[in-house]
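Worksheet: one structure, shown below.
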Amino acid sequence: MGNPGANILVPLAFFLWPGVVILLYKKLDKRLVPVIAYVAGWMFLPCAEYDIFMLKNTKSTVIGYSLLAATWLFDKEKLLSYRFRSIDIPIILWCTTPFFSSLANGLGIYDGLASTLYTTIKWGIPYFFGRVYFNESDILKTLAITIFIGGIIYIPFSWFELIMSPQLHRLTYGFHQHDFLQTLREDGGYRPMVYMNHGLMTSMWMMLASLLGMWLYITKVLPKKIFFLPSSLLLALLIGTFLMYQSMGAIFYFAMSLLILYIGIKWKNAVLVIVLLVTPYIYIFSRSTGSWDGTNLTNYIAEKISPARAQSLQFRFDNETILIDKALQGSFFGWGGYGRARVFTDRGKDLSTTDGLWVITLGNQGSYGLLWLLFAVQLPTIFFISRKKPVQWESPAYAAPAAMAVFIAFTMVDNLLNAMVNPIYLVFAGGLHGLLLNKTDLSLESSEETELDLFREFDTLTSRFLSDPGNSQSKFIN
């Protein structure tokens with residue numbers, strides 16, 4: 001256990017979470033359980049890690065294990081309904097890349113299997129649940145609304161940490177989940193972390209909740225009231241809170257996502273989404289070949305925006321450069337694990353600061369791993385824009401999936417400089433694939449009346465907490 005200062009609530013939260021998921025299966029509709037399990041688990045489980053038999057157990061893996069076990073007990077038929085399709089190949093090959101890296105570097109079969117299992121639980125299981133459970137437009141819409149509600153729930157926690165500094169994780173679980181100094185802002189304030197690994201990860205979560213809420217509001221899919229309050233008011237509070245995080249990257253992604261969705265509909269083409277998809281390849285090529293070092297960008301930021309932000313970005317570029325040089329010395333399958341891709345002095349001092357997921361992957365799994373990472377992350381967006389015309393992006397059936405598709409494309413851009421992997425992003429990926437492969441989703445091209453009937457049945461059978469905008473049965477949302 002590498003969590004100094006952790007209290008008894010940390011193991012309790014991890015070990016009791018399977019029981020929580022089982023309880024959800026007993027109380028709620030089976031389709032709603034993965035929604036609640038992933039959203040609530042990611043929002044409130046501790047940012048801790050237990051190494052058991054060389055397997056890393058984190059909140060992401062705990063959620064995955066819990067859902068697998070509970071689904072096997074209560075919904076085995078749905079679990080076994082999965083049918084392999086060729087579109088699943090990239091995520092499968094990405095999950096198995098650590099195995100080949102371990103073999104190529106002489107680390108052994110056991111190490112390769114353990115690393116592959118961890119990657120599969122972290123990446124493959126959320127994708128799998130997306131494919132199986134989130135393959136209908138109504139359930140993806142429910143997921144989007146649930147994430148929006150999750151953002152609303154985070155508002156008071158965010159305000160507390162904006163004022164009092166990021167302390168909630170320490171007060172609850174006994175330790176800071178990340179370096180406290182990184183939460184300090186230039187103006188003397190703080191960037192909240194709440195119960196996530198880093199302030200940037202929490203910023204992206206609030207950005208996602210704001211994006212989904214805003215797009216569903218624009219397309220008239222968002223319920224009119226939530227918790228007895230107008231959704232427009234809650235949306236304004238959420239966006240205002242998100243802006244107070246002062247994450248320039250997340251704010252840029254938020255604005256550009258809405259712009260891409262809006263212009264895509266107006267222009268009736270997805271050219272901006274394609275530009276977004278191509279951006280990571282341009283960046284990776286220019287950085288790997290040394291044709292661009294980032295100084296012109298950091299100089300502009302220092303002059304126009306903030307010298308401190310420019311210094312931070314240049315520090316990332318400088319570290320990325322030495323990591324690229326080390327990665328290119330390795331094999332096609334990378335250096336493998338155990339920090340072998342990091343850079344050390346002759347005396348063993350670690351000179352590396354790893355930030356970007358792409359350069360971490362290039363170092364550990366080589367060009368082979370990076371290739372499948374890019375395909376696995378971007379394929380859902382490519383599949384969506386190839387199957388659904390932009391004029392459909394504002395329809396009730398596709399408003400939420402369209403926002404998710406654009407967001408997924410931005411996650412690869414974000415992971416050029418960060419390594420913030422959220423399992424819910426993989427649920428989006430699997431859900432989009434499942435939706436587009438699902439020929440029995442009657443709500444996709446159905447009339448409004450049919451869609452409302454489906455929501456009314458879903459609301460009646462599952463929960464008193466979620467409903468469609470046209471359905472007032474819900475106690476808290478209508």
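For all residues, glycine too, the Cβ spot is worked out from N, Cα and C.
Bear in mind that TrEMBL entries carry predicted annotations, made automatically and left uncurated.
Features of the protein shown, as given by TrEMBL:
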TRANSMEM  6-25  transmembrane segment
TRANSMEM  32-52  transmembrane segment
TRANSMEM  139-160  transmembrane segment
TRANSMEM  200-218  transmembrane segment
TRANSMEM  233-263  transmembrane segment
TRANSMEM  270-286  transmembrane segment
TRANSMEM  367-385  transmembrane segment
TRANSMEM  397-413  transmembrane segment
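Beyond the ends of the transmembrane segment (200-218), by six or more residues, the same chain brings 42-43, 141, 144-145, 147-148, 150-152, 154, 158, 191-194, 231-232, 234-235, 238-239, 241-242, 245, 247, 249-251, 253-254, 257-258, 261, 394, 399-400, 402-404, 407, 414, 418, 420, 422, 424 to within a C-beta distance below 8 angstroms of the stretch.
Contact between the transmembrane segment (233-263) and the transmembrane segment (397-413) holds: at least three of their C-beta pairs are under 8 Å, each pair 6 or more apart in sequence.
When Cβ distances are compared across the two stretches, the transmembrane segment (397-413) makes no contact with the transmembrane segment (32-52), since fewer than 3 pairs at least 6 residues apart fall below 8 angstroms. Among residues of the same chain six or more beyond the transmembrane segment (367-385), those with a C-beta under 8 A of the stretch's C-beta atoms are 87, 90-91, 93-94, 97-98, 100-101, 123, 270, 273-274, 277, 280-281, 284, 332-334, 357-358, 361, 401-402, 405-406, 408-409, 411-412, 415, 428-430, 432-433, 436.
Counting only same-chain residues 6+ beyond the ends of the transmembrane segment (270-286), those with a CB under 8 A from a CB of the stretch are 259-260, 263-264, 292, 358, 370, 374, 378, 381-382, 385, 390, 405-406, 409-410, 412-413, 416.
Listed by sequence, the residues of this chain that lie at least six past the ends of the transmembrane segment (139-160) yet keep a Cβ under 8 A from its Cβ atoms are 31-32, 35-36, 39-40, 43, 133, 167-168, 192, 194-195, 202, 205-206, 208-210, 212-213, 216, 221-223, 226-227, 234-235, 237-238, 241-242, 244-245, 396, 399-401, 403-404, 424, 427, 431-432, 435, 458, 466, 477.
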